[in-house]
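Noted in Swiss-Prot for the protein shown:
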ACT_SITE  Ser151  active site, nucleophile
ACT_SITE  Asp321  active site
ACT_SITE  His354  active site
BINDING   Arg221, Asp355  substrate binding site
DOMAIN    45-360  domain 'AB hydrolase-1'
SITE      Arg323  site 'Important for acyl-CoA specificity'
Amino acid sequence: MESIGIVAPQKMHFTEPLPLQNGSSLAGYDLMVETYGTLNAARSNAVLVCHALNASHHVAGVYADNPRDIGWWDNMVGPGKPLDTDKFFVIGVNNLGSCFGSTGPMSIDPSTGNPYGATFPVVTVEDWVNAQARVADQFGITRFAAVMGGSLGGMQALAWSMMYPERVAHCIVVASTPKLSAQNIAFNEVARSAILSDPDFHGGNYYAHNVKPKRGLRVARMIGHITYLSDDDMAEKFGRSLRRAEGALDAYNFNFDVEFEVESYLRYQGDKFADYFDANTYLLITRALDYFDPAKAFAGDLTAAVAHTTAKYLIASFTTDWRFAPARSRELVKALLDHKRTVTYAEIDAPHGHDAFLLDDARYHNLMRAYYERIANEVNA
């Protein structure tokens, strides 16, 4: 199916201070927003799509001045696609602390005239949800037909259903978890350590030195990317293949240059990421991942944490996702069913690991299409 076509982002400015979970507040801030489709007269067909770590408000479509910059979930959102923009008004919001136009470490601190850098406050999933709620208010949307997200975006969708139960009809959580495991926190710590130990980091104030801690960002991305793929997927894509010119002998070089195809792939991904992403943003977002644990306020009891939810849920996981394994989704499903919530759960047999939520898998997309048809029928009832 074709893309939704040319889209244009908009910047929303908010002057009312935003209270943050750390006890401080953000006095004034911008959020980058993109919308697709048409909001109906009743304002009842809106869907909020929450983004994952390195994504943004640019969910679907292309920009007129850069047609190669395709939205990160373009295969999911658009006319005739599972989230059909002929039926729904879809909103993408770039979260606070990001590096794609919303207020973050790269933004100018009005009190100093310099980039916030390391002084930008640590933000949480809950802070993002509160900021997104203000975007909804600007559109006059009192209740979303659905809030949807994959990975970290799924955590935001879950948080929406818990923080604003009266504003969410359906909550769609894909390849996500109600909290990070110790192993996942450990992966994030190793990635952050790579950035913090880069000589170009300068305590987070590298903008003043006109440098970027690219070496640390490369390693951080390489670590992360390994966790996004399954072992079978990596074996199929790369195996133990060596990088060799055509006709060259299949022999080792006995040095530390790139020899295996998988090494080349990881370095390419790391280089690409370091060119466009911001190191301070990476630190902030991974820490927000670490902190997300809505059951913490209930002595670790997830069932108690979801007691006041009212939404209907679609929870989807992928069999080869070892970053956020299906067991984590089943834990959430059980907690919701303990309160007799309406829950649809799908555990999809897909070989691509955590990144499967971004791919065009027929079973996965058919599930989403059918679920959104159900929501459309409710909206139009």
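Here the Cβ of each residue, glycine as well, is placed from N, Cα and C on the backbone.
The secondary structure of Asp321 (active site), as reduced to three states from DSSP, is coil rather than helix or strand. Listed in sequence order, the recorded positions from Ser151, Asp321, Arg323 having a Cα within 10 Å of the Cα of Arg221 (substrate binding site) amount to none. Under the DSSP three-state reduction, Asp355 (substrate binding site) is assigned to helix. When Cβ neighbours within 10 Å are tallied across all protein chains shown, the highest count among the recorded positions Asp321, Asp355 belongs to Asp321. Averaged across the domain 'AB hydrolase-1' (45-360), the predicted model reaches a pLDDT of 96.
Between the alpha carbons (Cα) of Asp355 (substrate binding site) and Ser151 (active site, nucleophile) lies a span of roughly 9 Å. For Arg323 (site 'Important for acyl-CoA specificity'), the same-chain residues that are 6 or more apart in sequence and have a Cβ closer than 8 Å to its Cβ are Asn184, Thr227, Tyr228, Gly353, His354. All protein chains included, Ser151 (active site, nucleophile) registers 26 other Cβ atoms within 10 Å of its own Cβ. Under DSSP, Ser151 (active site, nucleophile) is assigned to coil, being neither helix nor strand in the three-state scheme. The Cβ neighbour count for His354 (active site), using a 10 Å radius over every protein chain in view, is 25. Recorded residues Asp321 (active site) and the residue listed as 'active site, nucleophile' have their alpha carbons 11 Å apart, per Cα-Cα distance.
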